[in-house]
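Q: Below are the structure tokens for one structure; questions will follow.
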Amino acid sequence: MAAKGSTTLPLYQRYVNGVPVPQGRKTLRLREKYIILLVFMTFTIVCLCAFMFLPNMQDKVSYDIRKKIDEAGGDLFIPRQRNAPDGSPLEMHIDDDLHKSGRLSNSNSNDLLKNKIETWQKEKVMSEISKILKPEDVEAIKKGLVSDKQLFLEQKKEEERKRKAQLDEEAKKVKKDHEGHPGARGGEPTDPQIKAKRDKVKEMMSHAWHGYEKYGWGANEHRPISLKAHSGSIFGAGELGATIVDAIDTLYIMELDEEFKKARDWVALNLNFDMPADLSVFETNIRFVGGFLSAYALTGDQMFKQKAKIITDKLLPAFNTPTGIPYAIVNLKTGSSRNYGWASGGCSILSELGSLHLEFDYLSAVTNDNTYKDKVLKIRDFMKTIEKPEGFYPNYIHPATGKWCQVHVSMGALGDSFYEYLLKEWLISNKEDAQARQMYDDAMKTVYEKLLVKSKSGLTYFAEYKSGRLEHKMDHLACFTAGMVALGAEGSDNKEKYVSIGADLANTCHESYIRTATGLGPESFRFEGETEAKAIRQNEKYYILRPEVVEGWFYMWRLTKDNKYRDWAWEMVQALEKFCRAEGGFTGIKDVYQVPPQLDDVQQSFFLAETLKYLYLIFSEDSLLPLDKWVFNTEAHPLPVKGVNPASAQ
């Protein structure tokens, strides 16, 4: 294309890699002539030096070898048949090419000459040996040499095996910075009925875990119906054990000690990030980095801290952008980074760039390395100062230009955990991070004013905003806001108001569950015409074991102690048991309005990390992971509150 405002097109006479190149000049500039002269002089000097100073290779040939060559004469290349001292003919093996041509080719002459000399030397040695030893003695020596070689190789293998076993035993040794901290375990309820429900959730965790252990061990996830590993996940085909890492703190909290030890040893011995895999920076952070750091905070095991640092260092190349906003995908081997092509023309996603702070900040604290903290502070500073269209944080932003890519705002997919982390950064700082709290309040003020809607029947929900209009749809993912809004009531200008909004949102999400045939909620539900809290489109009717609804109920239970939240959670347990339980674990559903449902045959790693953990906690006493000492990242991995939880300073 011509440049903007141009009226003529340049002439092109050739293409380079498919790109037209303008026609060149017919004469050379003076500078170009000097460059050509310099290149010619350099070439001339190199040739002269090579001629004068390179060694004469003839001197490298020993006197004895040259003497043998001289004695051999023409026989070296076309040997005559010779006789042994007793007159018998002496066999000689002549290369076919030499026999046919009578000369050596330039390409293989050196190799053939070397081989002939070595062969002659071996024959000479064997001839001398045969004068002293009998043939059977020579054969015995040969067999002895072969046996010695095999023995040597076996000894080397055994030494390597012992060395590996020693390293493995060393890796299995747990070296602790601390012995665990407040509320890491326990919380057994005194009410026997509540305890029975908690025990049932623990049994579900055991069933899900052992199904993965049996049919998908080492893979990221598995298929509980077809009983095999599942590789078609966000972590590609590489076996990174995402389910192991995601579930490990849940195993510890539920006191499944044998399962925890096996998971811990697998991480220590087998988890290797040195592979050419493209990973999501966001998912790797919340699942792997968050999982490792949570396990470290709960147990004090140094190995988890080391693994967190290793994988986080692999993510750092994605942050090499003018704004500091990271790309979405990074290659573990090369460090090459990019964004998803579908994300509004290759932009970064709000929820992904905003859901790094908790993990990176804590990693800096426990490693005494501010590299990670500086990365997320740079993102926050940029997002604080950037102009917000209509007061919103849209879902897409370009990491190079810092420009918003389109005005699409959602409290569900693409936006959700950006707001969550602003609030939780304030909470995990023991409510000292005033900047994070102010950014949360400012962002949510616009959301409350423009996205919070009440339906005709009185159901409260967050709509989505797209280019100036509202779409009356709420994602299952957005149901986490029930807990977030209620948590944010502390420190707000009206505590009762926001706890009430949280309760209304929790109720709406419950309605989305009980209006289905399975008692499990759809991926998205709409408020259109007479339809309320129900999915309309087929691609919104699935349930993939998501945790956000029960997450909201968990926080509402902790903050209000209203028993309905435990009742709703138990209804969910029964629905999961009835419709999702399979031989090898738990599976998602393709249509929650159909009974019996069609199953998707995938057990997501977050089912063990989040869904079952929140169900277990809602039937536990508040002394288990108390909210004034622990903050959950967006994958439900608990991290310690600064100043009040000793794990935060280790």
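Residue numbering: from 1, along the chain as shown.
Cβ coordinates come from backbone N, Cα and C, glycine included.
Dumping what TrEMBL says about this protein:
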ACT_SITE  GLU283  active site, proton donor
ACT_SITE  ASP416  active site
ACT_SITE  GLU523  active site, proton donor
ACT_SITE  GLU548  active site
BINDING   THR634  Ca(2+) binding site
COMPBIAS  156-182  compositional bias 'Basic and acidic residues'
DISULFID  CYS479-CYS509  disulfide bond
REGION    156-194  region 'Disordered'
TRANSMEM  34-54  transmembrane segment
Q: Could you measure between ASP416 (active site) and GLU283 (active site, proton donor) for me? Cα positions, answer in whole angstrom.
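A: That separation, Cα to Cα, works out to 14 Å.
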Q: Across all the protein chains here, work out how many other Cβ atoms are within 10 Å of the Cβ of CYS509 (disulfide bond).
A: 28
Q: What parts of the chain pack near the region 'Disordered' (156-194), using Cβ distances under 8 Å and only residues at least 6 beyond its ends?
A: 252-253, 255, 264-265, 268-269, 296-303, 305, 566, 617, 619-626, 629-630, 640, 645-647, 650
Q: If you skip the near sequence neighbours and keep only those at least six away, which residues in the chain come within under 8 angstroms of GLU283 (active site, proton donor), Cβ to Cβ?
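A: The list for GLU283 (active site, proton donor) reads ILE234, PHE235, given in order along the sequence.
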Q: DSSP helix, strand and coil counts for the compositional bias 'Basic and acidic residues' (156-182)?
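A: Going through the compositional bias 'Basic and acidic residues' (156-182) residue by residue, I get 17 helix, 1 strand, 9 coil.
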Q: Looking at the recorded positions listed here (CYS479, CYS509, GLU523, THR634), whose Cα lies nearest to that of GLU548 (active site)?
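A: Ranked by Cα distance from GLU548 (active site), first place goes to CYS479.
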Q: Would you mind checking how many other C-beta atoms are within 10 angstroms of the C-beta on GLU523 (active site, proton donor)?
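A: GLU523 (active site, proton donor) is surrounded by 20 other Cβ atoms within 10 Å.
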Q: Distance between GLU523 (active site, proton donor) and CYS479 (disulfide bond) at the Cα atoms, whole Å?
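A: Cα-Cα, rounded: 11 Å.
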Q: Could you state the CA-to-CA distance between CYS479 (disulfide bond) and THR634 (Ca(2+) binding site) to the nearest Å?
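A: If we compare the Cα positions of CYS479 (disulfide bond) and THR634 (Ca(2+) binding site), the gap is 13 Å.
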Q: Would you mind reading off the Cα separation of CYS509 (disulfide bond) from THR634 (Ca(2+) binding site), to the nearest angstrom?
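A: CYS509 (disulfide bond) and THR634 (Ca(2+) binding site) have their Cα atoms 18 Å apart.
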